[in-house]
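**Student:** The structure is given below, and queries will be raised subsequently.
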Amino acid sequence: MAIGPKPESIIGSYDHPPQAEAQTEVKSAAINGDTSPVSRLKDFATDPWLTSTDQPQPDSTTNVPYSLPDSTQDARILIVGAGYGGLLFAVRLLQSGFTLEDILLVDSAGGFGGTWYWNRYPGLMCDIESYIYMPLLEETKNIPSQKYVSGEELRTHAERIAEKWKLGARTLFRTTVSDLTWDDNKMQWIATASFSSNEKKQGSCTYTINADFAILANGTLSKPKVPDLPGIDDYTGRIFHTARWDYDYTGGSPAIPAMDRLRTKKVGVIGTGSTAVQVIPQLARWAGELTVFQRTPGAVGLQENRETDHAWWRDNVQLAGPEWQRKRCENFNAFITNPYRASLEEEDLVKDGWTKHPSFSVALGGARNLQADFLDLAKKIDKERREIGQQHINSTVRNPATAEALFNPTYGWCKRPCFHQGYFETYNRENVRLVSTPGQGITKFTINGIMWGDKEFELDLIVLATGYDLGSLCPANRARLSIHGRGGLSMSQKWASGPATLHGVMTRGFPNLFFPGTSQAGVTANQSYMFDRAAEHIAYIIQNARPRTAASAVNLKVLVEPSLEAEELWAMETVSRARAFAATKTCSAGSYTISARLGESVDESQMARHMPWGEGMASYVKILEEWRKKGDMDGLEVVYD
């Protein structure tokens, strides 16, 4: 049983959001191949972007394999995931002194990019400024074409990183790790992996990977989630998820999404979150009729995109000097987590909807979140945000009833905000209609389309913009694999009473395993920055755990894990700051927050252990930097064999 402050003192309680609507909990199904409970969704688990067969491609950064894996693979460091996170871990390890041969990346996709590999729907773009989101811009000398670039450019950048550091030769694509088990005798992680040479042909093999260290760099936006509602198997039209877009049906391509085959089609979209906000305007341009089914309106702010001016880039970005990207990231973090904007002496470099939305620090944590007047100020700023948003909708959308339905009156920290240039204008088109189902969602699928209440909507195509299966907050469940540490203890068992970690990246009983996430760690809206700081920290730990004595000791096995005292102390430091997120308790079940994801079944003391670092990302990063500067690996036990 976890030890901590009395429950009522941990997180606290606040009033409910303005005009908050009760949401009906809609069961959902993760798309996971043959395990999907919905039979017609099983083909959603296949990779629609595979363009090659089984021919070796030794020089390619996508659609590898260069060869079928042997029955056993050996690696010093196994990285699960080859998106931006996995790439950052690989690069920071190389920069810390490891060799390419020390590293092995695996990913279920057929190429680099993670979420940017799987998602190629029309309208896909970054909603965080490209100059801070696209990692390693300094090292690759890449200049993004726009302030917010397309998904195609984001995926190409992942391939650029892989090519620069020659990571293609040390990556196994189409490879899914299902189990990680610690072998105390070998002092290694034994990974069970399955390799699908061509999912469309169902060619596959199973093998093991023996690794001294393992890093879970799986992203959260790659496993599609769909509503598990009656009738979905009865529907006779075409249906797919935005993360598995079918251009053969719609026409067009990821590069040129001219969906001319939809000219005469009746199209329905379920969802109005971040993905839907991007795809709906594109579908409206091409579909004969477009019906949008909305359960809860998104909080959509204006995104002012523009081409990158190279003279501006030279004068305002490059002249900022070494580490300009990190400085810009941290400037962004400062403005989105501090509603006391007058206290910030520096200039807002990013100047977008995010930095004008500092009340989101209620969900992220921040230096001022524990101050007595913080919540009152956050509410005041958020009220101004809602009023500006409502004015924009009312002045843009011509139909008053539609405008009212599109307005989200709840606090801006309950859901991740959306940003777009032209979303609300879409609802002025004659071929677009909004079906608002306040807090309920659709009733069921039918043979011909969708039923809401007693009205049926006939549709040729249903697009599921229903988000992604985030998994639970347990690292094993989040990575969708089974993890057993010392003595056969499962990660899920250890997490059941609330996590205990050192710095949010390691836990005792699971040596040499690293799992960057949100619990007991700093968070920000820019996930690339979070991965980069975790990669920097973990590379330091692994490098400094290696023996530095005689050359004969180089091949010694190393075991590194937190002490029981150190991880409990870090957990209590997190708990003591958990009330920074008190206002998130008022958010509904379908919200973005950790409180909503954990649900009412988790008591306050456990919930507090799951929270991020309450003082915000800057405080968290400073603590890690000071810990590394000391150089004594405080709180870690290191054993050689």
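Backbone N, Cα and C define each Cβ position, glycine as well.
These came from Swiss-Prot, pasted as-is:
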type: BINDING; residues: Thr115, Trp116, Tyr117, Trp118, Asp127, Ile128, Tyr133; note: FAD binding site
type: BINDING; residues: Met125, Cys126, Asp127, Thr272, Gly273, Ser274, Thr275, Ala276, Val277, Gln278, Arg295, Thr296; note: NADP(+) binding site
type: COMPBIAS; residues: 49-68; note: compositional bias 'Polar residues'
type: REGION; residues: 1-68; note: region 'Disordered'
type: SITE; residues: Arg416; note: site 'Transition state stabilizer'
**Student:** Within 10 Å of Arg416 (site 'Transition state stabilizer') by C-alpha distance: pick out those among the binding-site residues Trp116, Tyr117, Gly273, and say none if nothing qualifies.
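**Tutor:** Among Trp116, Tyr117, Gly273, the ones whose Cα sits within 10 Å of that of Arg416 (site 'Transition state stabilizer') are Gly273.
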**Student:** Give me the Cα-Cα distance between Gly273 (NADP(+) binding site) and Asp127 (FAD binding site), rounded to a whole Å.
**Tutor:** 12
**Student:** When the number of other CB atoms within 10 A of each residue's CB is tallied over all shown chains, which of the binding-site residues Trp116, Tyr133 has the maximum?
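**Tutor:** Counting every other Cβ within 10 Å of each candidate, the maximum falls on Trp116.
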**Student:** Rounded to a whole angstrom, what is the C-alpha distance between Tyr117 (FAD binding site) and Met125 (NADP(+) binding site)?
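**Tutor:** Cα-Cα distance, Tyr117 (FAD binding site) to Met125 (NADP(+) binding site): 13 Å.
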**Student:** Looking at the binding-site residues Asp127, Ile128, Tyr133, whose Cα is closest in space to that of Thr275 (NADP(+) binding site)?
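**Tutor:** Comparing Cα positions, the candidate nearest Thr275 (NADP(+) binding site) turns out to be Asp127.
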**Student:** For a quick check of understanding: given the listed FAD-binding residues Thr115, Trp116, Tyr117, Trp118, Asp127, Ile128, Tyr133, what is the maximum Cα-Cα distance in angstrom, as an integer?
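**Tutor:** Looking at Thr115, Trp116, Tyr117, Trp118, Asp127, Ile128, Tyr133 as a set, their Cα atoms extend up to 19 Å apart.
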**Student:** Taking the recorded positions one at a time (Arg295, Arg416), which has its Cβ surrounded by the most other Cβ atoms within 10 Å?
**Tutor:** Arg295
**Student:** In whole Å, could you give the widest CA to CA gap in the NADP(+) site formed by Met125, Cys126, Asp127, Thr272, Gly273, Ser274, Thr275, Ala276, Val277, Gln278, Arg295, Thr296?
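**Tutor:** Farthest Cα pair among residues binding NADP(+): 24 Å.
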**Student:** Tyr133 (FAD binding site) to Val277 (NADP(+) binding site): how many Å between their Cα atoms?
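**Tutor:** Approximately 20 Å lies between the Cα of Tyr133 (FAD binding site) and that of Val277 (NADP(+) binding site).
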**Student:** With an 8 Å cut-off on Cβ-Cβ distance and a minimum sequence separation of at least 6, pull the same-chain contacts of Ile128 (FAD binding site), or say none.
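**Tutor:** Long-range Cβ contacts: Tyr148, Trp354, Ala525, Asn526, Ser528.
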**Student:** Counting distance between Cα atoms, which of the binding-site residues Thr115, Trp116, Trp118 is nearest Met125 (NADP(+) binding site)?
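**Tutor:** Looking at Cα distances from Met125 (NADP(+) binding site), the smallest one goes to Trp116.
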**Student:** Just how many other Cβ atoms lie inside 10 Å of the Cβ on Met125 (NADP(+) binding site)?
**Tutor:** 19
